[in-house]
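Student: Could you have a look at this structure, given as C-alpha cells, before my questions?
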Amino acid sequence: MPEVRSSTQSESGMSQWMGKILSIRGAGLIIGVFGLCALIAATSVTLPPEQQLIVAFVCVVIFFIVGHKPSRRSQIFLEVLSGLVSLRYLTWRLTETLSFDTWLQGLLGTMLLVAELYALMMLFLSYFQTIAPLHRAPLPLPPNPDEWPTVDIFVPTYNEELSIVRLTVLGSLGIDWPPEKVRVHILDDGRRPEFAAFAAECGANYIARPTNEHAKAGNLNYAIGHTDGDYILIFDCDHVPTRAFLQLTMGWMVEDPKIALMQTPHHFYSPDPFQRNLSAGYRTPPEGNLFYGVVQDGNDFWDATFFCGSCAILRRTAIEQIGGFATQTVTEDAHTALKMQRLGWSTAYLRIPLAGGLATERLILHIGQRVRWARGMLQIFRIDNPLFGRGLSWGQRLCYLSAMTSFLFAVPRVIFLSSPLAFLFFGQNIIAASPLALLAYAIPHMFHAVGTASKINKGWRYSFWSEVYETTMALFLVRVTIVTLLSPSRGKFNVTDKGGLLEKGYFDLGAVYPNIILGLIMFGGLARGVYELSFGHLDQIAERAYLLNSAWAMLSLIIILAAIAVGRETQQKRNSHRIPATIPVEVANADGSIIVTGVTEDLSMGGAAVKMSWPAKLSGPTPVYIRTVLDGEELILPARIIRAGNGRGIFIWTIDNLQQEFSVIRLVFGRADAWVDWGNYKADRPLLSLMDMVLSVKGLFRSSGDIVHRSSPTKPSAGNALSDDTNNPSRKERVLKGTVKMVSLLALLTFASSAQAASAPRAVAAKAPAHQPEASDLPPLPALLPATSGAAQAGSGDAGADGPGSPTGQPLAADSADALVENAENTSDTATVHNYTLKDLGAAGSITMRGLAPLQGIEFGIPSDQLVTSARLVLSGSMSPNLRPETNSVTMTLNEQYIGTLRPDPAHPTFGPMSFEINPIFFVSGNRLNFNFASGSKGCSDITNDTLWATISQNSQLQITTIALPPRRLLSRLPQPFYDKNVRQHVTVPMVLAQTYDPQILKSAGILASWFGKQTDFLGVTFPVSSTIPQSGNAILIGVADELPTSFGRPQVNGPAVLELPNPSDANATILVVTGRDRDEVITASKGIAFASAPLPTDSHMDVAPVDIAPRKPNDAPSFIAMDHPVRFGDLVTASKLQGTGFTSGVLSVPFRIPPDLYTWRNRPYKMQVRFRSPAGEAKDVEKSRLDVGINEVYLHSYPLRETHGLIGAVLQGVGLARPASGMQVHDLDVPPWTVFGQDQLNFYFDAMPLARGICQSGAANNAFHLGLDPDSTIDFSRAHHIAQMPNLAYMATVGFPFTTYADLSQTAVVLPEHPNAATVGAYLDLMGFMGAATWYPVAGVDIVSADHVSDVADRNLLVISTLATSGEIAPLLSRSSYEVADGHLRTVSHASALDNAIKAVDDPLTAFRDRDSKPQDVDTPLTGGVGAMIEAESPLTAGRTVLALLSSDGAGLNNLLQMLGERKKQANIQGDLVVAHGEDLSSYRTSPVYTIGTLPLWLWPDWYMHNRPVRVLLVGLLGCILIVSVLARALARHAARRFKQLEDERRKS
C-alpha cells in the first residue's frame, strides 16, 4: 500500500525536552490536566477594564506573532488562545453584566445572553471540527481492472429541464471505468417521455417509479431495488462529473471495507446570488466553499463526514443494512450518513472537486433551498439527536451536533442585529457594563474569533461574509426554526430549480422584504441615537450608552443593507456559463489544414474564447474545427468563429449529434483537472473583507434607471421555493408598503415629539428660598446622614405654639452673659456648673427645621450620681423673614415638658442669645431636648413651602448646675460610678497597680480594662496608671491583698474578692478593689467581674468563684455579626430604633461590626433584604415618596414607598392572577464588599412627600405619620471567606484585626519592657480597652511577656508597646519591616531592590505606571515631644503571624496613638504599615513586604492570586495554552496515525 500522509503527521514535533516528557507513560494526561486547570483558572478571573485592556493587548500581540508563520501547531495555539479570550469574556458576561431593573430589561438581556451562549457554543464546535483537517489523498486502485467493483450511477430528477439533466448523464457515461462494470440510471420522478427517449438514445437506463412518496429518498430507494451494483454513485441532475471521478475515489472504498461513504465537494461553476448580485461578490469565495474546503475535511479527521446528497459513492451493503436512504426527514443525505455511522460504518472525504454543478440562480431560490436544509437538520436534531443513542464516538456526536445546531442561527442573528434598539427605543440597558469594559472584554473576544477563523478558513470564506449570508436568510428561518423544533414532522421536500434565465435585472422584494422592514426600524433607532447625541442634554453615562448603541446599530444596519443588496438580481441571458480553462487548441479548416493555434480562455456548452491571432479580416461567421488532445485522446469539435480581433477569437459549437455533444461535455466538464482551481482565492484579510462588504452596500444606491420594477424571470418559477414558508408575493408587497408607511409615520411622530421636547425647557427651576443669613454654623440638612444623636428623631411630644405661660425668652445682654460666668465662679464647692453647646450634646451641626421636618431633637444624659439644681437654655440662630409672629414659632420642650417659644421678627431674621430657664425637675437620667417648628396658621400649615424655615445654632448652650449625691457602693451598679451609660462621652478610669507591674497583675488589669471597653463601646476609655490611690475621685485598685497600699488598710480576704470601698482621701469617691491571696486569685477576681453570668450582688463585697471559660473560635466575637446565616435587623438594634415619625423622620441606623478580612469570589456582593411597610392614610404621596438605603455614607438604592408591579403586573391583577400590592414591601439589595469594613452602619432615610404640595394641611398629619423598617429585614454575609493581605493598619484601626480574630486574644501576646513605666502600662490598658470595645469580650487569653521571653510565644501575634529607652530589646521583632528605631529616630532602613521593583512593575503595571514619578518615602522622624509611631509587619518568629509595635519616647506619644485609634474621623487615615502621629497630624506609609493570612477553598485561590493582577492572568493563561497545545498536537497526530494504521491493518487482513 502506498504511504498515506496527513498534515498532522507532517507537523514538526515538540521540542526535544517536551517530546521526552510527553513520551513518559501518563505524562501527557498529567500535563494536559495541569494545563486545563491553568486555563480554567485564567478564564475564571475578571479584571477591571483598564487591567483587562493589558491582557487584551498582549493577547492580540501574541496572535500576530504566532499567526505570522502558519503551521498546524500555530493554528491549534490560536484556537486555544481564542478559547481563553472568549471564555474570559463569557465569565465576565455571566458574572458582571447581568443586572436587570425591570422585567423587560431582564427579558431582553436574557435573550441576548442566550444568543451569545449559542454563538460561543458554535465557535468552540467549529474549532473542534477544524482543529486537524485530515487532507486525505487518493489511493490507487488494484492494477487489474477485473478486480474493480461494479458501480450504479444514479441521476435523480423531478422537474428539471432535459437540457440540464443530459449534461450530467452524458458526463456520467464518460467516466473512465470498465463499461461492463458501470451503469448510468436516470431516476425520473417526473415520468416524462422525452427523458425515456433520451435514455434510450444515449445508452442510459431509465427508471420511473409509479408514485412519488418520500421525494428524492424514495426515488433512490426504488432504484436500489432495481439495480445490483456493488457501489452506488449519486449525482444531482445538474452535477456534471469529471472522467476521473471513480478512479480517484474508489481506491479508498476498495482498500477499506468499513467505509460506507466517500463524499467529494459540491463545486458550482455558476456564481451564487451573493457572487452575482453584490458588487464585491465576484472576488468572494462561494458560500459553500467553507463547508467543502474546511469543515468536511475536519469532519473526516473525526470519522464524521456527512453525506451531502450528490457527488458521493455509497457502499450498497451499508445502504441496505440501514434499510435504504432515510425518509423521516427532508434532508435524507445527512440522516442516511448518521444511520450508517450508528451501525459502525466509517465515512470518508476527498477534498478534490470531481463534478461541477449549477448554483441557485436567484436569491429567493437560494433561501428556499436553505429553508429545506434547516428544516431537515433540525428534524434530525429532534428525532435522532446525535448526542443520544448508541454507535457514535464523541467526535462524531459533536460534529453532527455542530452541523445541526448551526441551522439555529436565525433567532440569535436577529437578536444580535436588533439588540441596540432596546436602548435606543426603550431605554433598556441590557448589558450592565461601561463602554470601556465592553471594549476590554467584548472586542478582544470578537477579534480573536474573527482572526482565528480567518487563519483557519484562509481563502475558503472571507471574514464578515457569514454575517451577510445569515442575515439574508435569518428572518425567513425564524418561523421554520420554531415550528420544526416544536413539530418536527411538519414540512416537505422541495426541489430547488436550476438553470433559469433573467431577461433583465430587477429588485426581488419577496426575497428581502423582511430585511427592509428591519432596516427601516434600525435606521429609526440609529436616527434616535444620533439625535440624542447631537441635541439631547445627556450626562456622561447616558452619552456613552447612546454612542455605544448607535455604533452597534450602525454596524447592524450595514450588515442588513448588504443583505438587502443581494436582492438586486442582475441580468442573466446566457444559456451556458463560461468556465475558465487554459487548453492548447488548433483551429483548422474542413480539409484539416491548420489556420491558427491558440490557447483557450474559457469554455462553455455554447462555445469557447481562444487567445490567438486570426490571419485575416473576418467577414462573417466561418465554419471551422477546433482540435485538441485530452489525456491522449484527440477531440475534433465543429464550430463557427463569429468574432476575432485584439488577439482573441470567439467560437460557438455547431453540434449535430450526440457524439459531438459528448465530446464538448468531455472538453468542458470532463477534464480531470477541470475544477482544481476551485479554491484559488486570495487568503482572507479581515479588514479588506469588511471593506468589500461595505462597498457592496453601494449597489443598493445605483441610479434609479437601474432599478427595474418587479417582473417574473423567464424560467423557472419560484412557486415552491419556500413551500409553506413563503406567502403570495403580491401580499408581501402590500405588507411591505403598509409597513414602510407605518414606520415612516412613527419616525415622523418620534422626530416631531423629540423636537418639541428639545424646544421646551428641560427643567423648571424651583422657587428660590428666602435668603438665609450667611453663617458658618448653618449647614443644609443632608439627604442621607450617618446616625448620630443630633440627627435622631425627636420624641412624639408636640407642645403648642403657645404653651403655658407662653415664655418667649428674653435677649441676653452682654452684661448678663458676663453675669453667667461670674455666677458659675461663685457657686459653692458642692455644686458644679456644666456648659454644653448643642454640638457637645451630639448635634451634627446647626439644627434646621422646615415644614416637612418640623421636629428636631437632641438626646443627652445626666450622671445618676448627680442632681440638677438649676438649668438654663441659651439659644441663637435665625428664622426665615417670611415667617409671621402671629402664626409661626419654634417651641422647646425637655422630656415633653414645655420650656419656651421663639417667635420670628421678619425685620431681624437672626436672634439671640436668648435665655430660657428650665425647671430642674424636668431632668432625668436620659433626656431629650426637642425643637418643634410651626410653619403656618393655627391648625393649618403649609409643610411643603421651602421658604419657611428656622435654624438653631450649634453653638447654643445648655447650662446645668449639679450637686453630687451620696455614693451608693453596690457592685450591682457596676460599671457605675466609673461610667454612666446615660452620659455619652469619653470615659476615664484611673488604675492603681503595684509599681513592679507583675505580668499576672497586668493581665488581670487588662481583663478589667477590656470589660470597661465593652461597656463604653465606641465612646472610648482611658486608664491613667499610678501606684498610689488618688486624692480625689474614683479608681480601681488591683493587686494581691498583702501588697495593697498600707493607707488602704489591706482588707482580709479568703480568696478571690471584689470590694467597693471609700477613697481614704475623698469620702464621696469609691475605690473598686480587685484582689486575692495570690496573683492567680487576682486574675480570677477580675474574671468574676468580666465574665459574671448573673447580676453582681447588691453589696459592696463579693467573693469570686473560679470561672470556666470555653475556648473561643475564630471570628466569634460577640460584637461581630453572625456570618453563617442571614441576620435580622431586630437582632442588631431594638425595634424602636427602626421606627420614625413625620415626613422627614431622619436617618434610621443599624450599626454592626464584622471582621475586615472578608473576601468573596470575584467581589460578589453581600445580600440584604429590606422590608418595610408603606404607610397608611391619604395624606402621603407614596409613589413619589421613597426610602434611601446606604451603608457607611455610601448610597446604595432608593425604593418608592408604594409597591408597583408595572403594566404586566396590573394586567395580571386585573384578571385575578396576581395579588394586589400589599403594604409590606420586600426588596433584595446587593451590598458591595468595598463598602464594608470593621465598624459599619446601615443608613435608611425615609423621604416622604405629602399628597398635595402647596396646599394647607393639618399640622398634626406630619407628626402622626409613622415610617419604619421591619425587624425581620436581614443582611447576609455567609458567602464571605476570611483572607487578607497584610500589613494593613486600617484593619487594626477598625476592630483590632488580626488580634481580635480570637475574641479573648488567646492567639496574642503583649510584649512590654522588662521594667515598664506607668505610661507604657497605661498604653497597654488603653489598648486592651480598645480590644474589648471592638469584640465586646474580655481579653482573658492574652499573655504578657518581656522581649527576653518572646520565644515562649513565638506562635502568637505580638503587640509590642515600648519606649525609646527599651527599643533595642524589641528591634529583632521588627526585622521583617522596613523601619528601625535608633538614636530617638524612626528611619527607613530598606527599600525594595531594583529586581523587586521590576517584578512588582511587571506584576502590576498600571500601579507602576501611575507611581512612575513617585519615589519611595524615606521616613526619618524623631519620636520625641509627643510623637508616636505604630508599625505593623510579619512576625520573624512564625510566618503568617503579625507584629504590631507602638513606639514613642514618652507616654504622651503612646497616648496620642491610642486616642487616634478611638477617633472615627481619624480611622480612615490609618493605613499601610506605618502610622506616625504628632498631635492632630497623622501620616501613613507603606514600605514593608506584604504577606497573606487566612485560608480559602482551593477553587478560590486562582481568583485571590490573580485578582487585579493582569500579568499573572496572562502568565497562567498562556502557560495553560502552551501545555494544552503540546498535549493536543501530540494527541491529534497520534489519532490521525491510528486512523491510517487501521486502514493498513484492514488491507493486510484482506
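Don't overthink the numbers, they just go from 1 along the chain as shown.
Every residue gets a Cβ built from N, Cα and C, even glycine.
Take a look at what Swiss-Prot says about it:
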- 1-741: region 'Catalytic' (REGION)
- 26-46: transmembrane segment (TRANSMEM)
- 47-67: transmembrane segment (TRANSMEM)
- 106-126: transmembrane segment (TRANSMEM)
- 147-240: region 'Catalytic subdomain A' (REGION)
- Asp189: active site (ACT_SITE)
- Asp236, Asp238: substrate binding site (BINDING)
- 317-377: region 'Catalytic subdomain B' (REGION)
- Asp333: active site (ACT_SITE)
- 398-418: transmembrane segment (TRANSMEM)
- 423-443: transmembrane segment (TRANSMEM)
- 468-488: transmembrane segment (TRANSMEM)
- 507-527: transmembrane segment (TRANSMEM)
- 547-567: transmembrane segment (TRANSMEM)
- 708-731: region 'Disordered' (REGION)
- 742-1550: region 'Cyclic di-GMP binding domain' (REGION)
- 768-796: compositional bias 'Low complexity' (COMPBIAS)
- 768-813: region 'Disordered' (REGION)
- 1513-1533: transmembrane segment (TRANSMEM)
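Any idea what these are sitting next to in the structure?
Tutor: The region 'Catalytic' (1-741) scores a mean pLDDT of 88 in the predicted structure.
Residues 52, 80, 83-84, 87-88, 90-92, 95-96, 1162, 1502-1503, 1506-1507, 1513-1514, 1516-1517, 1519-1524, 1526-1528, 1530-1531 of the same chain sit 6 or more residues outside the transmembrane segment (26-46) yet have a Cβ under 8 Å from a Cβ within it.
Outside the transmembrane segment (47-67) by six or more residues, the chain places 74, 77-78, 81, 84-85, 88, 92, 434, 436-437, 439-441, 443-444, 447-448, 451-452, 455, 1405-1406, 1507-1511, 1513-1514, 1517-1518 with a CB less than 8 A from a CB of the stretch.
The list of residues near the transmembrane segment (106-126) in space but at least 6 beyond its ends in sequence, with Cβ under 8 angstroms from a Cβ of it, reads 82-83, 86, 90, 93-94, 98, 100, 295, 398, 401-402, 405-406, 408-409, 411-412, 415-416, 419, 422, 428, 430-431, 449, 453.
With a cut-off of 8 Å between CB atoms and residues at least 6 apart in sequence, the same chain places Pro156, Thr157, Tyr158, Ala208, Arg209, Asn212, Ala215, Lys216, Asn219 near Asp189 (active site), listed in sequence order.
Taking Cβ-Cβ distances under 8 Å and a sequence gap of 6 or more within the same chain, the neighbours of Asp236 (substrate binding site) are Val155, Pro156, Thr168, Gly309, Ser310, Cys311, Gly357.
Across the region 'Catalytic subdomain B' (317-377), DSSP assigns 31 helix, 7 strand, 23 coil.
Counting every protein chain shown, the Cβ of Asp333 (active site) has 24 other Cβ atoms within 10 Å.
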Student: Any chance you could find the range in 423-443, 468-488, 547-567, 1513-1533 with the most Cβ pairs under 8 Å to the transmembrane segment (507-527)?
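Tutor: The stretch I would name here is 547-567.
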Student: Would you mind pulling the DSSP three-state label for Asp236 (substrate binding site)?
Tutor: coil
Student: According to DSSP, does Asp189 (active site) fall in a helix, a strand, or coil?
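Tutor: Coil, per DSSP.
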Student: Could you state the whole-number distance in Å separating the C-alpha atoms of Asp333 (active site) and Asp238 (substrate binding site)?
Tutor: 17
